[in-house]
């Protein structure tokens, strides 16, 4: 999980799980599969003051009992309310996202001969395991191969096997490179109300989209009842993370009145 010293301001995800921006691909090739990382500052609003204690208590025992009874009734009613239902269309979309391979199932293959075809790559990789998709990166103007590709397998174990077997392998007269693709499946979420508790934050995040695997709401070390205004959420794959990112980027989505970043 995330360390406090490393706070990515956001996860730079594509609008489609199976598309990569050319700049990101070139960076992957230059660094041979090493992710560049992000900024190391989380958003903190340390000047935010504590909420004052509720006022207006009249000191009368009867009034206090009525107030307490009303609060308990409201609390029970809230617990009995079913979670907000999602449309059939959204359920279908969630199922599609979860049907995609998990994070860690895609590999980068570089150093390919320029005349390598998708069929050549399929023949090379199918011997290792079941393939989900092959993306042979081509020049936008000439249509020629750039000498590298991304291969998504259906399981992480197969991707691990591919890295072991294909890295430094001789392929059609050239030594190819193979490493894990740097697709991202973690979101940084900032501008969270510092008084929001972990349970309410979890419910809000899990209601947005599918595939939530781990939530880390960073706590204030000086006050256990408050958070530091930011969190990290780990998803099943890049597609689930990007779907939730887009939902939370909407002006209509709020966390206890705040628009998260």
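Just so you know, glycine gets a Cβ as well, placed from its N, Cα and C.
Keep in mind that TrEMBL annotations are predicted by a computer and have not been checked by a curator.
Annotated in TrEMBL:
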- 1-51: compositional bias 'Acidic residues' (COMPBIAS)
- 52-75: compositional bias 'Basic and acidic residues' (COMPBIAS)
- 105-183: domain 'RRM' (DOMAIN)
- 185-261: domain 'RRM' (DOMAIN)
- 1-94: region 'Disordered' (REGION)
Where DSSP helix means H, G or I and strand means E or B, what are the helix, strand and coil counts for the domain 'RRM' (185-261)?
20 helix, 29 strand, 28 coil
Tally of DSSP helical, extended and coil residues in the domain 'RRM' (105-183):
20 helix, 30 strand, 29 coil
